[in-house]
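Copied over from Swiss-Prot:
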BINDING   His111, His115, Asp300  Fe cation binding site
BINDING   Leu134, Val135, Ser136, Gly137, Gly138, Asp167, Gly180, Asn272  substrate binding site
Amino acid sequence: MRVLGIETSCDETGIAIYDDENGLLANQLYSQVKLHADYGGVVPELASRDHVRKTVPLIQAAIKEAGLTAKDIDAVAYTAGPGLVGALLVGATVGRALAFAWDVPAVPVHHMEGHLLAPMLEDNPPEFPFVALLVSGGHTQLISVTGIGQYELLGESIDDAAGEAFDKTAKLLGLDYPGGPMLSKMAAQGTAGRFTFPRPMTDRPGLDFSFSGLKTFAANTIRDNGTDDQTRADIARAFEDAVVDTLMIKCRRALDQTGFKRLVMAGGVSANRTLRARLAEMMQKRGGEVFYARPEFCTDNGAMIAYAGMVRLKAKGEAGLGVTVRPRWPLSELPAA
């Protein structure tokens, strides 16, 4: 079975073709980072217009990369939410139109389920059950996963997501959008211990997160200590250490609560090298395992949508003729496969 995956939930146009026997056959990605950089963040209208320009050409490129024709595609999967409504509608409309024209099933995919399943694309995929840490610019969640669609929300951010906090703090440090990866690079030059940031909500029970206060703490630290290069690097180091420690503490609690031995990390922030190293060290000490996707599959991409679509199609998750998207869509509302 060959599934064409279409991802247009935010500012990346991702197209991929996944074969359930031969794996990933094609992967095309276009990033709108340069388009939105001057605005310091994603402009929804511009994102939608760029998806309109790029989606069909990338589909053509993916089919060519795979050495296939349209007749070789068995289903079309598209991101139906959550995300920016205009951006979602582009991918959903194209996906439904192609499925109708090719007379194949159309499969709506939950964006965060795509992220959650992205590590399944690797050579050593995780087995159920596991705790999933979904950490990105829009979400920070801990989820108990016992099977496809069997998701229990254990905790989530009550304000800013971790990735959003990274980008906002990077902006305070004078870094360009998207600032999260640049902040991490700057943090590598910082001196540990010069500044100490709080570890929000770790002094109380529970698995929820709060990262908005770290941005305020960073702003005050910058104001009081200047903006020379070393000071900025030291602040970046302190901020990153605080976020990583907080995520690690909450992951440890979630593993203790569930009794699971496997941790899956997914979403854009899961590409952070410091976070990967710290969680790998923690899981080794616990006698468990940590799983994550390769860096290019941590951010938004079509491969995860094609794979998730294949899984859902096998569970009879085909859509009707209507084009429906859900900008807000709790992962817990998905049916079990």
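For all residues, glycine too, the Cβ spot is worked out from N, Cα and C.
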**Study point:** By Cα-Cα distance, the member of binding-site residues His111, His115, Asp300 nearest Gly180 (substrate binding site)
**Key:** Asp300
Check your understanding: In DSSP terms, helix, strand or coil for Asp300 (Fe cation binding site)?
Key -> coil
Check your understanding: So how many other Cβ atoms are close to Asn272 (substrate binding site), meaning within 10 Å of its Cβ?
Key -> 27
Check your understanding: What other residues of this chain sit with their CB within 8 A of the center of the CB atoms of His111, His115, Asp300, the recorded Fe cation site?
Key -> Glu7, Ser9, Thr79, Met112, Gly114, Ser136, Gly267, Asn301, Met304, Ile305
Exercise for review: With Leu134 (substrate binding site) as the reference Cα, tell me which of the binding-site residues His111, His115, Asp300 is the closest one.
Suggested key: His115
Practice item. Could you tally the C-beta atoms, other than its own, that fall within 10 angstroms of the C-beta of Gly180 (substrate binding site)? Key: 25
Exercise for review: State the Cα to Cα distance, in Å, between Ser136 (substrate binding site) and His115 (Fe cation binding site), rounded to an integer.
Suggested key: 10
Check your understanding: In the structure shown, which of the binding-site residues His111, His115 has the fewest Cβ neighbours within 10 Å?
Key -> His111
Review point. Secondary structure at Asp167 (substrate binding site) (DSSP, helix/strand/coil)?
Key: helix
Exercise for review: By CA-CA distance, flag whichever of His111, His115, Asp300 among the binding-site residues is nearest to Val135 (substrate binding site).
Suggested key: His115
Study note, to complete from the structure: Leu134 (substrate binding site) -> DSSP, reduced to three states, gives strand
Check your understanding: CB neighbours of Gly137 (substrate binding site) within 10 A?
Key -> 24
